[in-house]
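Asker: Copying in the features that TrEMBL gives for the protein in this structure:
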TRANSMEM  A:6-30  transmembrane segment
TRANSMEM  A:37-58  transmembrane segment
TRANSMEM  A:70-91  transmembrane segment
TRANSMEM  A:98-123  transmembrane segment
TRANSMEM  A:129-150  transmembrane segment
TRANSMEM  A:171-189  transmembrane segment
């Protein structure tokens, strides 16, 4: 079943963070606690799916018919920026505590390369709308998976005896590398 | 920082003007580079054709044919020498079953259907593993992986694991399988093309081919 | 700070990648070889300088509440210019950098400098800041690219140093990017402390 392949590939084989290198900034920045990681994943999922739908429609009905493909970058990023503003407004009303917890990382979702990346990849892979939505959801799950796993690891790292020179970001990156290595074990699955 | 008030009108106006100016400038740059982008693509294609076929003088009109097993057509580039003899045909073929998706290959066939050369045009295979396919299947020192000079008619173009005659790239069976699939697709479609009289009339073919 | 300090801070003290930890995605994504790292670094530098230039020129005309979206559009325009130019004149680099070229628009270094510096400083300072940060970014990417290319395939800028068979493939792949960057940051931190 085609959708299963898209899903498994996006979550495990071509994990958006650990394999495609998209969404690394929030991956390093928000993964210090599992609860914030989960909150961030929710926000990213929402923006990613809607962004993919809207950018797909813009590409199909505005950019392609008028030969304006070169305006793809501008249009796509404007859509994403507006969506993030929307999410901020909604979150402030619906869940002020999560809004506070995410803090400055919320507007940073705009610059989350994962979202723009997934929108562009949907176009490059020539998915139709349904496939695009499935792809977006799967990638968001993959993002969340990487984030939560990493947050768990980092919570442990804080209690470990790390050599002084490697404390903080260096050891986090090295551990991320090992996590990426683990995910490489999924290659060949699909 | 900003000396203008953030009224709704100011905000919408600013955003609109900025986007409009940006889009216009881009339209201009796009027009400027359109021709050169097309030229770069043309040159890359020409280079690929030249590298997979023996020396030729002119390229005939290219034509497209649908392979039996897929919905995207392959493009054929027949090449002739100074006396209008068919030197070979370069076929732009593809497979979607690469490890990371699409692999696009330019394969060169002699009029008899043996492979004269190939160039991998596009791929996203793993660096250091699948990405070695461009060199691997041409390695003259290793006859069990070299496909140049062979033909799917006389040897089995599948990886040894699947019962074929070709050695797959170490640790890259999927890429190897996909690569061979693309080559075989080109060969089969080329055979179908040759059977159509309209197409074999593109050149006087003394080599004799049905 | 004077303009010289403005220019050189991007190299070590406030290196966008190693110290400010910005622009991680392209840093990890395109540094499988030195030339790719350099190409991406220079493309980003162009966008940084031009965006800083435009932003600091029109900073007084943009209402505060739309400044981020406006900056984004300006940056996106220059990124598209880079995309089109590369496609026309440097097609092989364009193919290697792939998806990461349009992603320059969400490179936190670019938006970050526009917001933090160009919107508050003179045109000249902003251009120099863009240049310094961009070159510092390029330096980081080229260094990482060279390290990964060397360890993974025995080459640097395609010049063979030792045969590829002795390379450790891991460094050219995803995990290697994270690991080498981790060590490089540790190294630069050490240098900064000294």
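Cβ atoms here come from the backbone N, Cα and C positions, even for glycine.
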Asker: With the transmembrane segment (A:6-30) as the reference, find which of A:37-58, A:70-91, A:129-150, A:171-189 contributes the most Cβ pairs under 8 Å.
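Answerer: Stretch with the highest Cβ contact count: A:129-150.
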Asker: Taking the transmembrane segment (A:37-58) as reference, which of A:70-91, A:129-150, A:171-189 has the most Cβ pairs under 8 angstroms?
Answerer: A:129-150
Asker: Same chain only, please: residues at least 6 beyond the ends of the transmembrane segment (A:70-91) with a C-beta under 8 Å from a C-beta of the stretch. Say none if there are none.
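Answerer: Sequence-distant neighbours of the transmembrane segment (A:70-91): 43, 46-47, 50-51, 54-55, 58-59, 62-63, 98-99, 102, 106-107, 109-110, 115-116, 119-120, 123.
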